[in-house]
Structures are given as structure tokens and as C-alpha cells.
Amino acid sequence: MNSIFLDRYRRSEYTGSNRCLPCTLVNTIIAVVIANTAFICLLRLNYRPAHAAIAAVAMLGIAAIQIWLRGYLIPGTPRLTRRYFPPWVLRAFGKEPFVIDGGRAESDLDVEHHLEAANAVTSADTAANIELTDSFAEAWRSAIEDIASVDSAVRDVFDVDGVVQVDDTDRSVRVSLDSRPFGRWVSRAALLADLGAGRVFADQYDAWPEASTAERGQLLGGLRRHIAICPMCAAETTFDAATVTGCCGDVRVGIVSCGDCGVRLYEVPLEGGPTTEGWS
Ligand SMILES: [Zn+2]
């Protein structure tokens, strides 16, 4: 069901692919308890059982719509969930309470090999030593500047068809294709960086046309992970570790950001997964 009214009420950051299952479960239980309590209270107040049942069912219905459209019934549930749900429960729900990148589909693509073959990075013995080649860095910057339409660049670069929608939220930029989630990037700069890089790969890497959409995402994410120079302003990037509070947990992440303009360019979970901060 789609309408302007529903879309206005809907909180996309808590629903759809962003829905937090532990929070939804907690809220559903709370709704059932409230409706049940109301039913009992109404009976004690001498309402007829049929009337009390209708009132309780109506309350449940309203709560269900609220949870469906907004993700939560009770404001602040994420904090409660984070506090009272042990980490293994959150993991069992596949909870990954932070934003990561556009292309991270599982595959055994050798990203470093392709980046080298495309002449995007200099050969290095370890992934940590990877550096962009000057020629690629230059082509990349001008490709970013040349992006006139994000929509058509998304279709080109990822070789997909459909209506592209880009939404900026607090900690990420979401791209959907024909109203279905397509990818998430840590920032608009990260998305633009990938679109620019994709254009450069298309120009100068023979293997690019054969790469699948997921592989393209991986290559672009892999490239962005190693950038030492901000693709937006050409200043040097910095790497910092930070604790990010997501919907249902705190995680330690490594963040590549620009030392000058400050845009976040890449975010990766550090070893150990979710920290236990916030659970006691
Ligand atoms: Zn910058």
C-alpha cells in the first residue's frame, strides 16, 4: 500500500530494510501487554466482555499500524533493546547496527588484483600499502566533477535499469531502484566517489563491462577504502577508529574521512564486532 499520506507518516530509517527486528519484537510484546491490560481493566469496570474485546483489538490494530509504519510503538525502544538484549540475541537477529557500503555482496572477487590490473593502484605487497596511481586519482577527480545526474550515473555505473531515488539520512545515503533498496553509502561524497570511479573504470579497464553489479560495487568500495586523497577536495584523508551508536548496539568502526572537508568516505567494522558497551 502506497500513498502520500502513508509515506509522510512512514519512518523509512526504521522500516523496510532498516527495520530492527529485536525492537519490533519488543514493541509487539509491549502492544499485546497493553491491550491485554486494557481488556482486564475494562472488564473490572463492568464493561461487557464483547465491548472490552473490541476495544483491546482496536488498540492492537492501532499499535500494529504504528509499528508497521514507524518501526516503533514506544519512543526510545532502541536504547532499551540495546540495554537489555544481550549481544548474542542481537547477533541472532542478524543485527548490524551501523551503516556500511554500497557493494558488499559476498563473492571471492580479488579486489586488489583488479584494482592493480585497472592501473588504479600501485602494486603493493600488503593491502595496507595500497596507493592510488596519480593518473587514476586525476581521472577520478575530474570524473566526479563531470557527474551531471546521479540517477543516470547510478544506472550506467552499476549497469541497472529503473527509477533511481537517492535519500540522505543521518548517517548514510540510501539509493533505491524502482522503490526497492539498492545500496547504502556512508555519505553522498562516497556515492559520488564510486560513480566517478565507475566512469573511469568503464573508460580504461577492459574487464569492467563483464563485471556484475555486485562485483562493481565491491571494486568501487575496495578502491574507496584505500583512498589517501579526498576525491572531493584533494586534501589528505585520515583513518580513525570510533564507536558508533547504531539502532541496537555500539560498534567500533574504522572511518576514512577527509582531513580537510571532513566528509566520511568509508566505514568498516573493526575486529570483534559489536562491543558490549551499553549492555550491563
Ligand atoms: Zn575533502
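Here the Cβ of each residue, glycine as well, is placed from N, Cα and C on the backbone.
What TrEMBL says about a protein is an automatic prediction, not a curated fact.
Per TrEMBL, the feature domain 'DUF8054' maps to 6-96, 110-224, 230-268. Sequence annotations record features per position, and here TrEMBL assigns transmembrane segment to 21-45, 51-73.
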Tally of residues which DSSP labels helix, strand or coil - the domain 'DUF8054' (110-224): 63 helix, 20 strand, 32 coil
Helix-strand-coil residue split for the domain 'DUF8054' (230-268), DSSP-based: 0 helix, 24 strand, 15 coil
